[in-house]
Amino acid sequence: MIRNLIFLGAPGSGKGSTALEISTKYDIEHISTGEIFRNEIKNKTPLGLKVAEIVNDGKYVPDELTNQIVLKKLKELKQENKKFILDGYPRTLNQAMFLSSVLDEKILAVLLEVPTNLIIERLSFRRICPICKSIYHLKYNPSKKGEFCENHLENLTKIEARQDDSEESIKKRLKIYNEETKPMIDYYKKNQSLVVINSEESVKKVASLVIKKVFND
């Protein structure tokens, strides 16, 4: 049975890549709050300017702002009768409780666990195409076209590091994650709606583990 999912885990745990793999396989809407915010920043909207200031300081966007953005998207999907995967939300206990209050059905949380040293390595060497959002890694999954994305044959598009992937920013984000996000994990454990997955393997391997545990496929 296809059901709505939340992907939880520290920055660099593979939430986005794994969610994309599964959403493509099952034709589920992949909602990345990070991607929504990055688009707002790129377009220099009032929201984007506010978010940029927060992100550049290595902090998370306030709950009330994030909640309203997610709620708007969920209302759209409900009208379309579509299932979804939430990636990057909720991040705090308050967000988790807000989400539970606005959903008609119980949601399953998938926690991706990975050691801190591997997280720092993953993020420090991560590169992303600004156009198609393809993700590369300078050590483990480099682009076959060097510093350019493989998917744009006519117009060379340079892959780039995300602004919040500096080592200093990574350490700040991990500190905030440990302080704010872990209480939320206990919340889902208590509600018996948490599946824990070891995320040290490749994206395809991790996705297959999620599929086996969640969809019995």
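Every residue number used here counts from 1 along the chain in the order it is shown.
Quick reminder: no glycine exception, Cβ is built from N, Cα and C everywhere.
Take the CB of G14 (ATP binding site) and look out to 10 A: across all protein chains shown you find 24 other CB atoms. Per Swiss-Prot, ATP binding site is recorded for G12, S13, G14, K15, G16, S17, R126, I135, Y136, E201, and the stated evidence type is sequence analysis.
Outside the region 'NMP' (32-61) by six or more residues, the chain places 16, 19, 69-70, 73, 86-89, 91-92, 133, 162-164, 168-169, 172-173, 176, 180 with a CB less than 8 A from a CB of the stretch. According to Swiss-Prot, the feature region 'NMP' maps to 32-61.
For R162 (AMP binding site), the same-chain residues that are 6 or more apart in sequence and have a Cβ closer than 8 Å to its Cβ are R38, R126, I128. In the three-state DSSP scheme, R162 (AMP binding site) is classed as coil. Annotation comment: Swiss-Prot describes T33, R38, K59, Y60, V61, G88, Y89, P90, R91, Q95, R162, R173 as AMP binding site, evidence class sequence analysis.
With a threshold of 8 Å between CB atoms, the same-chain residues lying at least 6 positions outside the region 'LID' (125-165) that come near it are 12, 16-17, 35, 38, 55-56, 58, 173. Sequence annotations record features per position, and here Swiss-Prot assigns region 'LID' to 125-165.
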| message | I'd like to confirm something. Which of the binding-site residues, G14, G16, Y136, has a Cα closest to the Cα of T33 (AMP binding site)? | response | G16
| request: Reduce the DSSP letter at T33 (AMP binding site) to three states and note it down. | output: helix
| request: Taking Cα atoms as reference points, rank the binding-site residues G12, G14, G16, Y136 by distance from K59 (AMP binding site) and give the first. | output: G12
